[in-house]
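Colleague: Sharing the features that TrEMBL gives for it:
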- C:47, C:53: NADP(+) binding site (BINDING)
- C:125, C:126, C:127, C:290, C:305, C:306, C:307, C:308, C:309, C:338: FMN binding site (BINDING)
């Protein structure tokens, strides 16, 4: 336990991949906020499956139905619940995975965690589909943050071993933010798009998959947000990011590379500009020092593993006989059905949404 | 806020670098556990400053005084509080940092967060010294975990750009665990020790500092620990790890490298062994899939930035006049005093202790 | 904030009286529990409005629709969400209360708390209707508790100033439990039923309302549940009970009367019976000493205020002009519409359900 | 678990009656608050034992030693830890209670909860002595609240069955507040003092004890504090009040008496005064409606049971043989040593302090 998160903005996610609906309860939104529902839908569309050959063929329109906490076009301040129907369910596709655990998926760990009673169809509660409610919640948080001058933007930092450029950590320009926000395949260096897409489609054709990295920046947070020791900004953001399936690493600023620098290179030297703003010449620490924001962009990168669903043959175990006290057997599995050869491009809006939720929680929780 | 952490084992850390004492309250320990105080002290000694030329000259014996929750040699089950005296305080050393923020330190962010009222001496509550109570708490947790068959071990994965070998993620041998646990400079490939130490001493001589990486393994956790979505094992461990000053990144298993693999390489194929144990041939996911342990070693690596305290001249700001409504000024600072040219070797026991606390919390909190 | 509760069993309630649906997310149920849906429905029927002249004429069938966390007739262990449709909504009835606050209701406090953006129709999120999801959640908890030998039973302790007998705190007999559990108007002394009902109907006829008291017992909890200081059994139960609208007081065991006893009377003297069970001769402390259960029935009584909705004329304020920066005005209101002249008899199942949730949380959270 | 409390202001209490010291960590205080240490000491003196024949002869000066979070006379904003020495320990007095449980005390429940490993001397962590750190923490909170215009005042509402008058719930005058705040035996009707004290001393002489009631008011909270459903003001306050040993009941406003009123009497009719303040003619609801403050004084009464320590002979059990797998035996006990014949007068400052903590937490946690 638990599928609830947050100290100030509490998020409770529920549902399974092949249940009737999935959803989220958001508790702690300010009252009277006029939600731009079209913009929420646009964010959900960025994550939506079935758009092209790089994602699963599962077709979901992913329209959220707001059940509570929303009255006359505005938030009420009481819990906002929204549900999303699961329309394109093909449960028959998944009967084999009940007994044959798919490598890289939570089939085995979920089986143990829930004594075999979890809904195994399509990964159940572990499905990447459960990121749809997170995007919904994050889209609302983001709108409120934008009113307060905080923007969140990200780009595909890598597809497999093809790397995009990094953000300039000291200055992320508005027109770049604008361009990335409206792209389905956001890159700083757009010339890499064809090569990256070719890598994804090659993986698809060879019944395989690829992963990558996403770099995300939160711009406009004042200095002084976060707390020392246990409630560092990095703790809160990382706790949220590892809630997203397939994330296997996170680094702030130069992250793992800062460990290779000398102190004299790593330290972000400071200055005051003509307007009295205290800034730093570099931002190797990614906008967080001692767990607390310093007013520079908060920048972090996450590693996304390749989609575990692949159609090629893999070794695994079969637990069919376990239910009748028999033995676990070694076997092989080919995961058929509808898969994403790469989820990195769809995960961009999930990472941004999760960041929005985490930032929202911190700003209201000092 | 907050310097408290945990759902089941609650840890509350208090104190400042130059106050009379620092300490910790640990709430949620089982009653009747006979603490091996010598072993606790040994763990604290691993972190202790002043041992050699690679660490700060500050001399602290770091003896913990147990104030409560401990009766007739055993835990009572009620909150265990322990305090540690700050003996070698030279507050005079630190008066300049009140007004001149040290780059890379929390001087500026703490100033903003606490409106200038925080104890600035030696970093105050942000000081690395506050990891001593974490080691104390972790040392107790670790003893209880060991009784349950869970071991925690780590090694210096890198000093600057000199890399040690990685653990074999599928099989970490007992004699390696034993050797690393009793080493002050734990390496898998011991032949690297001289080169690494030379790098540290070179940094010291050039008034500079270096960072590195630590790889940590938790061995013996059953499959099925952790929860989907927000309480993933990675979320809990990363939340704790980013509580340690200087940690700027974390990755599980192959982490950032898994993002460069094909799915067919990344997925950990499974098998059942002759004893009926379900295992995987590889452990690229670092023992956690879908947020839940799979029974393989839980392995993660953290990036440690170079110690921010360096004696060479750096650009920064001076806020002396701000207190009288004057302007912030640009200035330069040389951070004199007693510094660690590298804290990686001292951080090993901190990382292990923090891991012990996080694992303890998860095992009692499903 | 917040409409979420619990440390181990987390309950998140959402919805408004006149929204499309209300509901609950329950996180932390054990996997594999076969829910008796008929029994859940029976508990919800006990609370259901519209059954007779003593309750509101609002007709709701109060069927819960389980959306998630329930698979093949059993709990999965992942969050269980259920929704309940609001069918008999007559929003037109409530337009006047937007501007004229009903005395005794949360109209004014909700208006201030949410800056006027809360859904005012029928009390919105503050409506007693929101206890339906609590009964749903409690009905499931209760079934699981019963499997572990824990029973929860209660009775109407008073309607206005007509008092029923008290439980025998040292021994509550099975046939009494059985009888009370299946009664719509549960009384220990059934001879009082006519008099009490006459009082309720008299209030109804005079456009007025009455309150009363409910006494609840939790039988079968082992000694040793709860914690000293802040997580006392009384703290957890009272925190939950004051979540129920109209509860204005709670006492454990003899409660306010124990304050009038001598220590020699109040102390529950102890003995060991022939089976080695440690019991007490009396149970003035209501089964809780030092915040922890002692194995005797946990007994508490709550005070329920008279339903605030009454049709007689009352003085209040009108805030219509406030929206256009005008003044608040004094006025009078007659609350028409469908009201309960007494909610005590309907609240019985709510109190029991809330107790089940609280006990469940404690048993899994030591 | 747990001896930690709070969402925004986190309080962690530690220690045992006969350990070396007890204490508290307070996390979440605002930085820069200049604590009036004399006033803190005055509040602690109100609770202090050994002052006269109505309390225990145990002599403790109860001086708090601030260990952290306090710098140059002001709060730093980081955790404030304070310890209080246990000076007048006579452990020899308590050896018999190790095996013979005192009726009415937590000896038995603590024994079960902690498997016999708790510190039994003087009640250990369950001792009323642990309210000293609560008074310390509350005294600081109260000072901060006072700066914001919030006052907390209480009086002895009853000693045994001798009742003091009640507050006027709509208007508690400043000179009454002043008088009660500086009284060691605060009563609205001072003419009752002699009779009440005679009752206490009579109990003392007959080796017995008495309890009573305390009525507490929080004046100056704005309307709109608190939340619907689970975080009602009553939930937060009651959760805190039942953390105080000996509290067995709580009621808000008219509480149990409101359950005997008609709705037309109970509802607090409202009006706007000439200054535009929205007020109510009565305050039967004790300043809280729908879980949220309405701007009227928040008033509540708690029931305090008679001190369980009495010198007269009582029946109990002996568990000496249980440690060697023998049987529990019936026996008798006379609790000798130093006892309070009545703790109500000492509990006044504890109740006020606990209220201050709860109110502080709510005001910073909406």
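For all residues, glycine too, the Cβ spot is worked out from N, Cα and C.
Since the structure is predicted, the reported quantities are computational estimates derived from the model, not experimental observations.
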Colleague: Within 10 angstroms of the C-beta of residue C:307 (FMN binding site), what count of other C-beta atoms is obtained when all protein chains are considered?
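Modeller: Its Cβ has 27 other Cβ atoms within 10 Å.
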Colleague: By the criterion CB under 8 A from chain D, which of the binding-site residues C:47, C:53, C:127 would you report?
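Modeller: Nothing passes the 8 Å Cβ test.
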Colleague: Among the binding-site residues listed here, C:47, C:53, C:125, C:305, which has the most company in the form of other Cβ atoms within 10 Å of its Cβ?
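Modeller: Result of the Cβ crowding comparison: C:305.
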Colleague: Could you tally the C-beta atoms, other than its own, that fall within 10 angstroms of the C-beta of residue C:127 (FMN binding site)?
Modeller: 23
Colleague: What's the CA to CA span in angstrom from residue C:305 (FMN binding site) over to residue C:47 (NADP(+) binding site)?
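Modeller: Checking the Cα atoms of residue C:305 (FMN binding site) and residue C:47 (NADP(+) binding site) gives a distance of 17 Å.
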Colleague: Using a 10 Å cut-off, grab the number of neighbouring Cβ atoms around the Cβ of residue C:309 (FMN binding site), all chains included.
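Modeller: Total other Cβ atoms inside 10 Å, all chains included: 24.
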Colleague: Can you grab the distance from residue C:127 (FMN binding site) over to residue C:47 (NADP(+) binding site)? Cα atoms, rounded to a whole Å.
Modeller: 14
Colleague: Looking only at C-alpha atoms, tell me how far residue C:307 (FMN binding site) is from residue C:47 (NADP(+) binding site), rounded to the nearest Å.
Modeller: 15
Colleague: For residue C:47 (NADP(+) binding site) and residue C:309 (FMN binding site), determine the Cα separation and express it in whole Å.
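Modeller: Taking the Cα atoms only, residue C:47 (NADP(+) binding site) lies 18 Å from residue C:309 (FMN binding site).
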Colleague: Between residue C:309 (FMN binding site) and residue C:53 (NADP(+) binding site), how many Å separate their Cα atoms?
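Modeller: Spelling it out, the Cα of residue C:309 (FMN binding site) and the Cα of residue C:53 (NADP(+) binding site) are 15 Å apart.
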Colleague: Cα-Cα separation of residue C:125 (FMN binding site) and residue C:53 (NADP(+) binding site), in Å?
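Modeller: One finds 25 Å between the Cα atoms of these residues.
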Colleague: Tell me whether residue C:307 (FMN binding site) sits in a helix, a strand or coil according to DSSP.
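Modeller: Going by the DSSP assignment, residue C:307 (FMN binding site) belongs to neither helix nor strand, so it counts as coil.
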Colleague: Which of C:53, C:125, C:307, C:309 (binding-site residues) reach within a Cβ distance of under 8 Å of chain A?
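Modeller: The answer, in sequence order, is C:125.
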